[in-house]
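Taking it in order: structure first as structure tokens, then the write-up.
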Amino acid sequence: MYRSFMMIIFILLPIYSWCATSTVATNLYPANLNGLKSQFQTAMKSFSDVASIHYSLAGIKELGVQPPDTYCNDIKKLVDKTNIESIYHATEAAKTLTNCNLPVEDYRSKISSTIQSDKSTTAEIYYAVRSSINLGLNIDESLIEKRLNTLAKTDDSILSQGYALLTGAQLSPAIAKYYADTINDLVQQADEIDGRILQYEGGISTTGLIFNAFYEVAEKAGTSIKIDPKQLLKFANYFSTKRHVATLRSAYYLTKAFKYISDNKNSMPIVVTRVSSSEVNAQNPSVLVSVTNLFGQPVGEMIVTAESAKRNEDGVVVISKQKLTSKSSDFTVYELPFYDKKISRGFYTIHLTLTPQTDGKFIGLTDHTIDVKVTSEVTLENVELNIVDRDNAAQIKTYKLTYPNGLSNNLEMDYHQKLIIKFQVKDKQTDEFIRVQQAFLRFTNKQSNKEIIYLAEATSGSNPQYKVEVDLTTNANDFRHQSDAYELVLLVGDALLQKAFSWKLTDNIQLSFHDDNVPDIDHLNIYSAKPEIIHQFREAEKRPPAIVSLVFSGLTLLPLLILLISWLKLGFNLSGLPLGLSPLGFHISHGAAFALMYFYWKYLDMFQTMRYLALVSIPLFLFGHRVLAILAARREKKV
Amino acid sequence: MSQLGQVIGILRKLNDEYQISTPKKLKLIDAYLVYVLLTGIIQFIYCLLVGTFPFNSFLSGFISTVGCFILAASLRIQLNTTNRSTFNVTPERAFADFVFAHIILHLVVINFIG
């Protein structure tokens, strides 16, 4: 059984992952052209270097705005004649202007030295070649080709390959064709993310540059660009996600990438977006979609079909294989009438496919999804406000209310009573009672503006009825026992309601709580500074005054006196004290041991003391033994 | 009243008996024991009066008196000739033990006195 389980997993997993990744969800958006344009225009206000001039002028020209010739002086001022990259940017920027001629002789030597040098990188070769072409200089194509081949062996980074392609695009079509054939290899080197996006390491400016290189070299070679449509879509997805880019270089290459992808000569991804509101109801019954390319331009007539419209909740299909009608003359806007009495409230996902009616290399024609929600109008029915006595359930005061009228008279309640509010929410269209996401009852204290909110709960089953109960004794803590006038509001809302309700039931309801005097906390003060904690060091324990200690120290020595006196009285004498070396040694070492104790107390630590003690105890024991032997012998003699 | 008189009488008899029958050496040791006891009592009274701070010093002093008392008492027992049967140790050996034990006791006490 375990084995069959594992077999099922091994078969189902690949199928699942294939299903999950085979559809490249085309969530393409039209390019943020206005953002790019304003980015270039802001940069054009003041320039700090010649690269910025190049990117902003060339970028704005791609977007259809011709920059004025006044920038020619800025170019001439900022160019650095000793830097080949600076020369490249200057010549490119000058090309965008109608009349800007740069002094060719200033740059000739640098360009030729770059091309001749062994140490030039692929980027520098490209800059030199492109500058030569811009300035009208001759270039030695075979030399360049040789340089590129050498560099291809030493530098295989992706950016270097991109620059090689760009350089190839400047040379003869035969050379360009050679490089165009390597496009597929380069595409294989891209990183795929989530199965939806293809990019190169280095972010948007690298990916944009390489993508542009593909198109430029294919154009020069006279062939069409050979990229798998699925992969082209993934690149398009990547560019589409870049709504804002940080640098001018990225912005320039992004603009060029969008332009190439939106050119009818090449394969063009189609962008489908919803232009009507996401809410579908009786007032706006149709869903409008726009069909354009990434540049926001029309793509010719298309047949747009809604394959299916499924309700997210239960997958029920409400629309199947319905054609949308064109609403504009340039075939960019199509309409799908959606609202119908038979389509109930809910969230829906519409799947669209497109069939082009004109010639063109369109890609990304399937798997477009549009999310909409169908809302409805509701009414509040059977609204009742009951004031019930807590102890005596029979005593009820009932008020029936109709939206939008509140109660005309003032209400008064005290802690013997509880408030019960009941209501039902009815869908106008289907005449059924429904549940909503939000049903709240709100008390607002008229003096302090504090709000106390209760949740209304619905009964289960069909025909749900909402009920909320507030007991003035058990719920008194919510109000912090503040007896005051309150305002009562009923709030009903839902994502699928066309209109939500905020209904003031009564302007003045007087609540009296049992005086438990829970002080009302000022909510504004919760975030004020708390009292400062000052670190308390451990207090020293109380000590007795010095005199007491001294007196007692003296008292402790008193018994010594008593001892000496009693010893003398008993006849303590030193007559039997043996004299000689051994007794002397014994007494000295014994005394030394006690002196060591004193030193231990005052100065030494345990380890040193142990060492000294070991030292002292050797003579101590030696002499002690001898003295005791003498004494023992004396005793033996006596006996 | 008569009970008190009886007690006093017994005590006096005990004292006389003690004075006569105990040898001088043992009496010296007894005097030493009384001295140590008094010292301990005074230390304890001081602690009761002023509190136990610093507790380690009080303990070390008190245990010093207790230790000295015990060592002296055991020396007395060993030196008592009537106990010769139970202990087979010469007086010199007893004294040597006494000195050795005292050294260790003082080491510990000084360590603890802080």
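Just so you know, the numbers here start at 1 and follow the chain as drawn.
Just so you know, glycine gets a Cβ as well, placed from its N, Cα and C.
A TrEMBL annotation is a machine prediction, not a hand-curated record.
Now, the feature entries from TrEMBL:
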- A:1-21: signal peptide (SIGNAL)
- A:32-261: domain 'Ribophorin II N-terminal' (DOMAIN)
- A:270-374: domain 'Ribophorin II second' (DOMAIN)
- A:381-507: domain 'Ribophorin II third' (DOMAIN)
- A:537-635: domain 'Ribophorin II C-terminal' (DOMAIN)
- A:546-568: transmembrane segment (TRANSMEM)
- A:580-600: transmembrane segment (TRANSMEM)
- A:612-633: transmembrane segment (TRANSMEM)
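Sequence-distant neighbours of the transmembrane segment (A:580-600) (same chain, 6+ residues past either end, Cβ-Cβ under 8 Å): 606, 609, 612-613, 616-617, 619-620, 622-624, 626-627, 630. Helix, strand and coil content of the domain 'Ribophorin II C-terminal' (A:537-635), in residues and according to DSSP, is 77 helix, 0 strand, 22 coil. With respect to Cβ pairs under 8 Å, the domain 'Ribophorin II second' (A:270-374) is most closely packed against A:32-261, considering the stretches A:32-261, A:381-507, A:537-635. Mean pLDDT, taken over the domain 'Ribophorin II third' (A:381-507), works out to 88 on the 0 to 100 scale.
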